[in-house]
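One structure below.
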Amino acid sequence: MAPQRRGPPRIPEGSSAAERRRATSTKKDRLPREAQRTWLRIVAFGVGLALVTCLLWSSVGIDDDVAEVVARRGEVLEGRFIEVPCSEDYDGHRRFEGCTPRKCGRGVTDIVITREEAEQIRRIAEKGLSLGGSDGGASILDLHSGALSVGKHFVNLYRYFGDKIQNIFSEEDFQLYRDIRQKVQLTIAEAFGISASLLYLTKPTFFSRINSTEARTAHDEYWHAHVDKVTYGSFDYTSLLYLSDYLEDFGGGRFVFMEEGSNKTVEPRAGRVSFFTSGSENLHRVEKVLWGTRYAITIAFTCNPDHGIEDPVLT
């Protein structure tokens with residue numbers, strides 16, 4: 001019997017085709033996974049870019065409507081004044097010759113109040129506001145009326161805390177407050193060419209502390225545009241003394257004079273005094289504070305002695 005010759009082992013029919021199908025399938029599987037990873041990288045990059053943009057946006061407190069910065073935080077201004085036409089708001093009130101605005105405008109100076117004085121008076125605000133504070137982002141302390149934000153309401157701190165006030169504030173605190181008020185009053189009188197003796201402190205004059213906490217009541221919504229003469233009536237000249245620094249202590253929170261086509265903004269700086277006539281010629285608002293805490297004091301003056309208030313005293 002002749003020996004049988006064995007050939008090479010037979011490969012099952014269709015096995016190479018199966019391998020080709022598996023290889024093709026593997027490639028097909030790999031492609032979606034690679035595409036997925038590519039898209040994930042793109043999405044991650046996009047999210048990262050958006051986050052960085054938001055952080056940068058927040059850090060500088062950009063406002064689309066602001067066209068010009070008239071006083072930057074880093075500047076030390078001896079005095080800058082911009083004259084604007086007076087509105088008709090003053091015509092609806094009793095006029096006082098030599099005082100009621102006939103020259104209108106806005107000014108900024110960094111040499112009237114020192115940074116040391118600003119730090120000292122800020123400590124007065126911090127002591128008073130430590131007794132309460134709004135549930136929302138804006139708290140006020142009025143040493144004249146005693147109004148203090150507490151939760152969603154206001155209390156009279158002199159009645160509420162009674163004799164304990166003597167342990168919180170000092171005579172030196174109130175003397176500093178009076179000295180600063182007088183310096184600001186003289187600055188306004190000189191800028192507008194009127195006699196300081198014709199100006200009377202008026203209400204409300206108050207400390208403000210603003211942070212990024214969500215508003216809880218209408219009193220916390222400080223960012224709406226308004227006209228002081230319309231809102232308060234008694235105001236003829238408004239001033240703000242800033243007690244903290246933009247972009248160091250807080251972001252956002254710049255002061256914006258609203259003008260058609262070209263808004264003007266003031267960047268707060270501790271010791272900076274911003275002042276202006278209170279009519280519609282100086283429609284304004286404050287940007288929302290995005291982070292940190294912004295301190296300031298609003299000091300308002302009237303030409304009407306009937307609307308005047310006395311300096312606060314520690315009794």
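Using the three backbone atoms N, Cα and C, a Cβ is placed for every residue, glycine included.
Here is what Swiss-Prot records for this protein:
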TOPO_DOM  1-41  topological domain 'Cytoplasmic'
REGION    1-31  region 'Disordered'
TRANSMEM  42-62  transmembrane segment
TOPO_DOM  63-315  topological domain 'Lumenal'
CARBOHYD  N211  N-linked glycosylation site
BINDING   H226, D228, H284  Fe cation binding site
CARBOHYD  N263  N-linked glycosylation site
BINDING   R294  2-oxoglutarate binding site
ACT_SITE  R294  active site
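Features per Swiss-Prot, on structure.
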residue : record                      : contacts (Cβ under 8 Å, 6+ apart)
N211    : N-linked glycosylation site : G137, F250, V289, G292, T293, R294
H226    : Fe cation binding site      : L283, H284, R285
D228    : Fe cation binding site      : F235, T238, S278, G279, N282, A300
Beyond H226, D228, H284, what residues of that chain have CB atoms within 8 A of the centre of the Fe cation site's CB atoms?
A225, V227, V230, T231, T238, S278, N282, L283, R285
Binding-site residues compared (H284, R294) - highest count of Cβ atoms within 10 Å:
R294
